[in-house]
Structure formats: structure tokens, C-alpha cells
Amino acid sequence: MKKNVKGQEICTLDGSVDKHGRPAVRGKTGAWFAGILILVNQGLATLAFFGVGVNLVLFLTRVIGQDNAEAANSVSKWTGTVYIFSLLGAFLSDSYWGRYKTCAIFQAIFVLGLVSLSLSSYIFLVKPDGCGDEETPCGSHSTVQIGLFYLSIYLIALGNGGYQPNIATFGADQFDEEDPKEGHSKVAFFSYFYLALNLGSLFSNTILGYFEDKGMWALGFWASAGSATLALGLFLVGTPRYRHFTPKGNPLSRFCQVVVAASRKWKVEMPQNGYDLYEVDDGKACSNNGSRKILHTQGFKRVLDPVVASLRKSPKGLTELQRMGIGLIIAIMAMVASGTVEHFRLKYASKTCANCDGSSSLSIFWQVPQYVLVGASEVFMYVGQLEFFNSQAPDGLKSFGSALCMTSISLGNYVSSLLVTIVMKISTKDEMPGWIPGNLNRGHLDNFYFLLAVLTAADFVVYIICAKWYKYIKFQGINSMGDKNGSQGNDLRV
């Protein structure tokens with residue numbers, strides 16, 4: 001780290017700039033002041049998003065009039081679309097707008113969608129007054145009213161989707177990973193980011209969920225809109241203190257350049273010195289855009305070290321890939337636990353009561369273990385994915401890396417929707433009610449959970465193969481671009 005010269009301010013070493021495009025001063029920008037604002041922003045935005053998403057199935061069944069399977073498919077497609085939009089936000093952020101501008105614009109779209117949903121619910125959808133609870137379904141709606149509803153929720157999907165992959169990366173940008181103290185703070189930020197996400201989700205699942213379950217949908221949606229507006233306001237408050245990385249241009253063109261160069265030079269003999277692979281001199285390397293060079297590795301030639309050895313060498317303990325693997329194992333356990341509990345719930349179910357859909361004398365607290373396991377699985381998977389995609393993506397593709405993380409969730413939602421459709425089509429043959437009917441006491445949701453456990457186990461096998469094949473990349477620090485001898489030890493996986 002550079003020493004402070006009297007009368008001279010210390011700048012960051014990672015190439016970040018302030019809002020004016022000047023090198024960011026360490027004491028006046030970024031760090032935990034900006035980080036905390038972003039964490040609070042994330043918590044409030046998550047509260048707003050899940051205030052809509054967590055009970056959307058109930059809204060579609062009680063207010064819009066869809067059945068359980070149709071509503072589950074609609075929500076899966078909507079959630080998948082949220083994460084597809086994350087690719088758009090990441091592309092605009094990395095290529096043209098930068099992360100700050102992208103976050104601000106898409107948060108504004110998010111607020112607009114929530115206000116539109118609140119107004120349409122209050123004026124058109126939740127009619128007659130008091131409908132939408134467990135006992136009183138709402139009346140029919142016109143095509144225009146349904147169209148306005150879908151426009152609103154897909155504006156929410158666009159706003160939240162474009163914002164989500166950038167806010168985590170923008171928060172990480174506030175910490176200089178080439179400074180030891182801020183580097184450790186950056187690792188801690190991802191854990192706090194996940195905590196903020198879960199606190200927002202907890203509030204929306206409990207408080208807002210309670211009001212919406214009682215039929216007070218407009219109130220719950222207005223609360224979400226207010227939370228999103230407050231989140232946007234707090235985000236804008238930190239504008240003078242944020243650190244920025246300038247956009248690096250269209251990543252697709254650079255990707256195509258690499259493919260073309262590799263195909264044209266596939267017969268060229270590999271130089272012994274990895275630095276001869278770069279097309280500019282060391283002193284001028286990447287000075288045009290502040291990006292760091294990815295250090296050359298032997299790729300497909302050294303095998304992975306044993307797990308125990310890697311644990312001893314890594315100051316973080318488990319690597320990102322190891323944590324994601326553990327998350328998958330716990331997810332399998334969660335699905336097995338869910339199927340087992342549902343199997344015994346059906347044994348104690350009331351199948352003769354016409355007004356007792358889904359009721360059972362089995363205590364609800366038997367569900368606690370499966371939710372604990374799901375939560376633990378998400379901790380290992382989500383935080384591990386955030387760190388992995390942020391640390392392994394090149395400087396010009398950080399947001400795109402986070403978007404890929406979210407896209408994997410999107411694909412899961414689309415597959416989930418397809419899986420529900422296939423299962424219902426097969427299991428409803430011969431006038432059978434199917435595995436997931438309107439009255440769950442007449443179905444076999446336990447079989448669906450066991451199917452998910454088998455599919456997750458198969459996914460784990462594929463993951464192990466990919467994880468063993470993957471080689472971690474290393475970056476050369478900007479402050480050591482002229483030092484050929486010391487650069488190989490500059491591993492930014494803090």
C-alpha cells in the first residue's frame with residue numbers, strides 16, 4: 001500500500017474513480033459508508049420485491065382466479081423472467097452505463113411497476129371490497145384489467161432483474177481488494193449482503209405476508225412501493241461517496257476477438273513466458289481502460305490439490321466451489337426431509353372434509369427441519385456463487401458474472417415450471433387427481449419432493465465433474481503491472 005506523503009491524499013489501487021472520473025481517494029469514497037447504504041438499499045428492495053413475489057401464487061388463485069398448478073407455472077415463468085432481465089442489466093452496465101447509472105434507472109422502473117400494481121389492485125382487481133382472503137374469492141376481471149396487472153408485474157420483473165446483478169457488484173466495488181484491510185471487508189460484504197437480503201425477505205414473508213393473506217392486498221403492495229421508493233432515495237444519497245469503474249465497451253466484440261485470434265493462431269507455438277502472450281508492453285498494459293490482465297495458467301496441463309491441502313493454504317477456509325457443493329448436498333437432504341414430512345402429513349390428513357383443503361393434524365413444526373436445511377443450502381450456494389462469479393469474472397464483465405449467477409436461478413424456475421406441467425400431465429391420467437391438485441390431501445406432493453431430490457443428486461454429480469475440471473484464474477494487480485517477477489503471487493482471491 002502506498003504511504004501517505006504530507007499534503008497528498010491516498011488513492012485506491014484497483015483503478016476505481018469517483019463521480020467526476022478522477023482516481024478515487026481512499027478516505028473520501030467507498031468503504032463501509034457506501035457499503036452500508038447499499039446493504040440497506042438491498043434489504044429494502046428485497047422487502048419490496050418479495051412483498052409481491054412471496055404471495056403471488058395466492059394472489060393469482062384468490063384474486064385472478066387461476067388454479068394451483070396454473071398459478072405455480074405463472075409465478076415460475078415470472079420469476080425466471082426476472083433473472084433473464086438480469087442479463088440485460090449486466091450488459092448495459094458493463095458496456096455503456098456503468099453500475100451506478102444502471103442501478104438507478106432500473107430501480108426507478110421497479111418503483112414504477114410497484115406503484116402501477118398497487119393502483120390497479122386498489123382500483124380494479126381486489127373487487128368487491130374485502131375479497132381475496134381465504135374465504136372470499138374476487139370476481140371476474142376484464143381483459144384490460146388483467147393486461148394492466150401483467151404489465152405491472154413484468155415492469156417489476158424488469159426493474160428488479162436489471163438492478164439485482166449490479167447492486168452486489170457495485171457494493172463490492174466500494175472496497176479496494178488490493179488493500180489488505182479493504183480486501184477482507186469485501187469478502188465480509190458478500191455475507192452481509194446475503195444477510196440484508198434475508199432480513200428483507202423475512203419481513204415481507206411475515207408482516208406483509210400476514211396482511212396479504214387476510215385480503216389486504218393493496219395495503220401490502222403500497223408498503224412494497226414505499227419500501228422501494230425509500231431504497232432508491234437512500235441509494236441516491238450516497239452518490240458523492242461511491243467509487244466507480246468505467247464501462248469497458250461491448251463484451252461480445254472482445255469475446256469474438258479472442259475466438260478469432262485463437263482460431264487463426266492455433267498452430268503458433270506457446271511461448272515459455274506467459275507475459276509474451278499480451279499484445280502490449282508491460283508498462284502500457286491495459287492503461288487505456290484500467291483493466292487488469294488475467295495471468296496465464298497451465299490450464300489443461302496441473303491436477304487439483306487435495307481438499308485438505310487447499311483448506312490449509314486458503315485463508316478463507318472452504319473455496320467457493322466447495323461451498324456450492326456443500327449447498328447442493330444440503331439441498332438434497334432438504335428435499336428428502338420435505339418428502340418425508342409430506343408423506344406423514346398425508347397419513348394424518350382429513351380427506352373427507354369438503355372445506356378442509358390441505359389440512360392435517362400433524363404439527364406444523366415438523367416442517368422446521370426442512371426449512372432449516374433449505375436456508376443452510378442457500379447460505380452456502382448463494383454467497384459462494386456471488387463470490388465466485390465476482391472474483392473469477394474479468395474486470396469488464398463483473399456485472400455479467402453476477403447476471404450469470406442469477407440466470408442459473410432463472411433456468412431453474414423455467415425447468416420447475418416445465419417439471420410441474422409434465423408431472424401434472426402424467427399423474428392426472430385415468431381421472432386421477434395428480435400429485436399437485438387443488439386439495440393437496442388428495443395428491444402426492446411427497447412424490448414430487450422425492451423426484452426433486454433425485455434430480456438434485458444428478459445435478460450434484462454433474463457439478464462435481466465440472467468443479468474438478470475448472471481452474472481458478474488469477475489477476476495481475478494494477479500496481480504491479482511493471483513487475484514481472486512479483487506478479488505471479490498476486491492472487492486477488494482474498
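Residue positions begin at 1 at the first shown residue.
For all residues, glycine too, the Cβ spot is worked out from N, Cα and C.
Taken from TrEMBL, the feature transmembrane segment applies to 32-60, 80-97, 104-124, 144-163, 189-211, 217-238, 324-344, 364-383, 404-428, 448-466.
Same-chain residues lying 6 or more positions outside the transmembrane segment (144-163) and placing a CB less than 8 Å from one of its CB atoms are 45, 49, 52, 56, 64, 78, 81-86, 88-89, 92, 102-103, 105-114, 116-117, 120-121, 124-125, 406. Per-stretch counts of Cβ pairs under 8 Å to the transmembrane segment (324-344) identify 448-466 as the leading one among 80-97, 104-124, 404-428, 448-466. Segment contact is absent for the transmembrane segment (104-124) and the transmembrane segment (404-428), given fewer than three CB pairs below 8 angstroms at sequence separation of 6 or more. The transmembrane segment (404-428) is in contact with the transmembrane segment (80-97), judged by 3+ CB-CB distances under 8 Å for residue pairs 6 or more apart in sequence. Ranking 80-97, 189-211, 364-383 by CB pairs under 8 A with the transmembrane segment (32-60) puts 189-211 at the top. Tertiary neighbourhood of the transmembrane segment (189-211): same-chain residues 35, 39-40, 42-51, 54-55, 168, 171-172, 174-175, 219-220, 223-224, 379, 382-383, 386-387, 390, selected by CB-CB distance under 8 Å and a gap of 6+ residues from either end. Taking Cβ pairs closer than 8 Å, the transmembrane segment (217-238) reaches residues 33-34, 37-38, 40-42, 44-45, 47-49, 51-52, 55, 59, 63, 103-104, 107-108, 110-111, 114-115, 117-118, 121-122, 125-126, 132, 204, 208-209, 211 in its own chain, all 6 or more past its ends.
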